[in-house]
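The region 'A' annotation in TrEMBL covers 1-336. Per TrEMBL, domain 'Histidine kinase/HSP90-like ATPase' is recorded for 29-186. As annotated by TrEMBL, ATP binding site applies to Glu36, Asn40, Asp82, Met87, Asn95, Lys101, Ser102, Gly103, Thr176, Arg336. The region 'B' annotation in TrEMBL covers 337-552. The region 'C' annotation in TrEMBL covers 553-624.
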Amino acid sequence: MNIKKTEMYTFQSEVKQLLHLMIHSLYSNKEIFLRELISNASDAIDKLRFAAISSSDLYENENDLNIQISVNKAQKTLIISDNGIGMTRQETIDNLGTIAKSGTKAFINSLKEQTNKKNELIGEFGVGFYSSFIVSDKVSVRTRFAGHDPTEGTLWESSGKGEYHVTNITKKNRGTEITLFLKKEEEEFLETWRIKNIVSKYSDHITVPVNIQNYDEEKKTYFWEQINKAKALWTLKKSSITHDEYKDFYKHLTNDQNNPLVWSHNHVEGNLEYISLLYIPEKAAWDIWNRDNKHGLKLYVKRVYIMDNSQEFLPNYLRFVRGLIDSNNLPLNVSREILQGNAITHNLKKALTKRSLNMLDKLSRDSQEKYQIFWNQFGIVLKEGPAEDHDNLKKISNLLRFACSQNNSSEQTLSLQKYVDNMIEKQEKIYYITADSYISAKNSPHLELFNKKNINVLLLSDRIDEWMMNYLIEFEGKKFQSISKEDSSIQTFSEEKKIKNTDLPKNIIEFLKKVKKHLGNQVKDVRITYRLTETPCVVLSDSNEMTTQMAKLFSAAGQSVPELKYIFEINPEHALIKKICSIQNETQFKEWITLLLEQALLSEKGSLENPHQFIARMNNLLLQ
Ligand code: ADP
Ligand code: MG
């Protein structure tokens, strides 16, 4: 490429929006621009180190890798330079003029809606290079790609207003030098003490040395002073690392401003040699529900940075776990393709899954309060576990938490162990109900018998729950049982259990016959209930049929579902049933029975196919 002249470009519209949002929402925390620039410089050095594994001439006789910061008080400039990989002309245009990251557009849109939480959100997001415009009137970037000719350098300049200029230049040293022309009111960033302070706050643990230029008044010379620790924290002995250091490192690693809830740091020797440092965040990332959400661990091989977001080391249901893995067994030239289907990766994944689950188990024992924070943030993700990871089903089951009928709160706090420990005498199964919402589960007529008998029932109302219950078969030898399904164990608790439908008083038998005849094949069966106390009737799924919630899930996913046929159960003690029993007029009787069935269906499904017909029928009967 041989474009010598300066060219002007305009920023992508998302960049303009981001710049605008950032300048107006981050003014109280401007210092983070330095963290972002140092982080980019450190990434660039990591990339060089990695590329140089296969072609060492990229070092160009300069392999003292470091980041340098200097100030020019006269010109009010702050300069951050690195001898990392650098950028080509096209790369400056692609990387500094557009936002390539997936999900970023969605993020900007969500920011516009959430005016009150902007600061927090944008902090979590990791604002990157553009944050330099918070403190600068103008930013100029001089860069040259490692291994390229010095004449192939690039100068990128912008005042962050909407356009930028790109020019070809000669740059002797590889890497990138960023000059910030500070705004008048930002001169504090020209003070060495201020810079040192920010670097030690945010950048102590980046593995590259950060040097600042100092002036020796006596000798009248400049000298470089290293201002960060520049030691890979995870390689240090556990006992030599303080809690604060672990927390700072987490923030540096993840860009998350919140502290981690808990971490697990392990040096492992033997066949599989590795160091892992895993964290559980306190807050879910803004895009954890996004399918493209980049997750996974940072991968190092023998202390050399290889890649971010390697998803191969943890199952999907643990995608909230952050941290790093440093392997001694993997080759340095490992790629994503090699990672997939590799035996070492497979074994590491197994080991790290165990470590993550054990860390959560320990957290649940050590601090109920912290565990609850975890569960409220990530419980829904962990609920994917039973379907994804059969080998660890027992461990995962122990980590689940539920709302239940005997707790007056929608918060999910009950463990299965606690449920089983508090089962009543003769109770053989773990009972649960799934519904669209907590309120709807909590008020389901199916609960009446259980409340009367003091039997606790798990109330499940997350979308994933019905799916999860397909994979939770038993816990501690107790089977799971949906209470909206036909099941003989439920009858055991009923006082009416001995009453068979044929032993009933004659008028009731007659009544059932009439109902059956009228409803025909709209229902599977009609019978007297042993479950209800306050409700006239209810519908149940047959034991071998799909539940209502499952059917809803399938139709929401666009799948066709066979029509569900329910068992219709009637409570003969209920005043309304007694009244209907005595109705002689055939037409009126039928209207009442249809209305009862519609009521029961509405209560079970939360909706009816033809609600207008239902309302018309009810209004007619009310008028009579
Ligand atoms: P992120 O670091 O999250 O990718 P940034 O906005 O901080 O986002 O940076 C955008 C991109 O610009 C980087 O991904 C990188 O490709 C490039 N870049 C920024 N600073 C440097 C640098 N000092 N050396 C080389 N490339 C850089
Ligand atoms: Mg960055």
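Cβ coordinates are placed from backbone N, Cα and C, and glycine is handled just like the others.
Because TrEMBL annotations are produced automatically, they should be read as predictions rather than curated entries.
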Candidates Asn95, Thr176: member of the binding-site residues with the richest Cβ shell (10 Å): Thr176
Those residues of the chain, 6+ apart, with a Cβ under 8 Å from that of Asp82 (ATP binding site): Ala41, Ser42, Ala44, Ile45, Asn66, Ile67, Gln68, Gly175, Thr176, Glu177, Val208
Conformational class of Glu36 (ATP binding site) under the three-state DSSP mapping: helix
The region 'C' (553-624) - residue tally per DSSP class, helix then strand then coil: 44 helix, 4 strand, 24 coil
Structural state of Asn95 (ATP binding site), classified by DSSP into three states: helix
CB contacts for Glu36 (ATP binding site) [other CB atoms within 10 A, all chains]: 19
